[in-house]
């Protein structure tokens, strides 16, 4: 199972246009600087389809025109994102920067969707959505900078729950919907027979 992932700029010629800006891989267990890629040896990449099966959704949007982007407007309407703010994550703009990025790198979950639209920096993920209940982590690369739009349904809930918090309803719902989904489908099929 994918325990964590890092986004990175990747200029590829794959069929999915999102793969021009997103790569995902299984991470090693090294204690080296968290801003390094932390690839396993040999490298093990995760496809965007695999991420989607785990509840990580992404879109390729026009970050240079985010204020007028019709596709972003449609995503916001479809998912009910009423709250929006912008944040710059860098030593000059984020108080207690080193401590905060160490906290962001701890594997955690939220009880609400976590949506980040990276507008500037070497990690332009465009738009990435992480469902409530999925363990994830965040870090920068060695450039130490991103500017991101954060989107929420209603008022934002910033509380991270570091692993393990498997008892939370959001985690149980995520596991049932994405991890045990084949078991649920088999149970429904068996009940219908």
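Note that Cβ sites are derived from N, Cα and C of the backbone, with glycine treated the same way.
Caution: TrEMBL annotation is automatic and unverified by curators.
Since this is a predicted model, take the numbers as computed values, not measurements.
Taking the Cβ of residue 114 (Fe(2+) binding site) as reference, residues of its chain lying under 8 Å away and at least six apart in sequence are, in sequence order, 129, 130, 132, 136. The Fe(2+) binding site annotation in TrEMBL covers 108, 110, 114, 136.
Neighbour list (residue 108 (Fe(2+) binding site), Cβ cut-off 8 Å, at least 6 residues apart, same chain): 135, 136, 137, 160, 161, 162, 163, 165. Residues annotated as Ni(2+) binding site in TrEMBL: 108, 110, 114, 136.
Around the Cβ of residue 136 (Fe(2+) binding site), a 10 Å sphere holds 21 further Cβ atoms from the protein chains shown. Summary of the Fe(2+) site environment: with the site residues 108, 110, 114, 136 set aside, the chain residues having Cβ atoms within 8 Å of the Cβ mean position are 109, 130, 134, 135, 138, 160.
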